[in-house]
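Quick look at what Swiss-Prot lists:
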| type | residues | note |
| --- | --- | --- |
| TOPO_DOM | 1-4 | topological domain 'Periplasmic' |
| TRANSMEM | 5-25 | transmembrane segment |
| TOPO_DOM | 26-64 | topological domain 'Cytoplasmic' |
| TRANSMEM | 65-85 | transmembrane segment |
| TOPO_DOM | 86-97 | topological domain 'Periplasmic' |
| TRANSMEM | 98-118 | transmembrane segment |
| TOPO_DOM | 119-131 | topological domain 'Cytoplasmic' |
Amino acid sequence: MTSRFMLIFAAISGFIFVALGAFGAHVLSKTMGAVEMGWIQTGLEYQAFHTLAILGLAVAMQRRISIWFYWSSVFLALGTVLFSGSLYCLALSHLRLWAFVTPVGGVSFLAGWALMLVGAIRLKRKGVSHE
């Protein structure tokens, strides 16, 4: 995933987040139960946080190419699609099959954050000042 693609993914994910949040608040909340709306809300929260993380990685990749940040963004994007997407599908369809996809997305999130940590640790320090 290039930083251009990461920015495009973040823009699309952010758009979907806002659109689904508004649709959920104004339409779905009138037709869905509390459990389903909870699934939607959880999906939206995780999508928002991870979209911002992907955006941050894209900006970091503009300054310095890092294989660790590259793979971090891949796993965070995959986690967003699988975790949040499966919660949306579960809420809208009630097919329990989606409940098995959600943890795969969660593991993808964890891998993405771990890779980001490794990438951050491996960054070279620029002129450390001891003033």
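Residue positions begin at 1 at the first shown residue.
Cβ atoms here come from the backbone N, Cα and C positions, even for glycine.
Here the topological domain 'Cytoplasmic' (26-64) has long-range neighbours at 2-3, 6-7, 9-10, 13-14, 16-17, 20, 70, 72-73, 76-77, 79-80, 83-85, 87-88, 90-92, 109, 112-113, 116, 123, meaning same-chain residues at least 6 beyond its ends whose C-beta is under 8 angstroms from one of its own. Within its own chain, the topological domain 'Periplasmic' (86-97) has Cβ neighbours under 8 Å at 20, 28, 32, 36-37, 39-40, 42-43, 105, counting only residues six or more beyond its boundaries. Per DSSP, the secondary structure of the topological domain 'Cytoplasmic' (26-64) breaks down as 36 helix, 0 strand, 3 coil.
Summarised by DSSP class, the composition of the topological domain 'Periplasmic' (86-97) is 10 helix, 0 strand, 2 coil.
The average pLDDT computed over the topological domain 'Periplasmic' (86-97) stands at 95.
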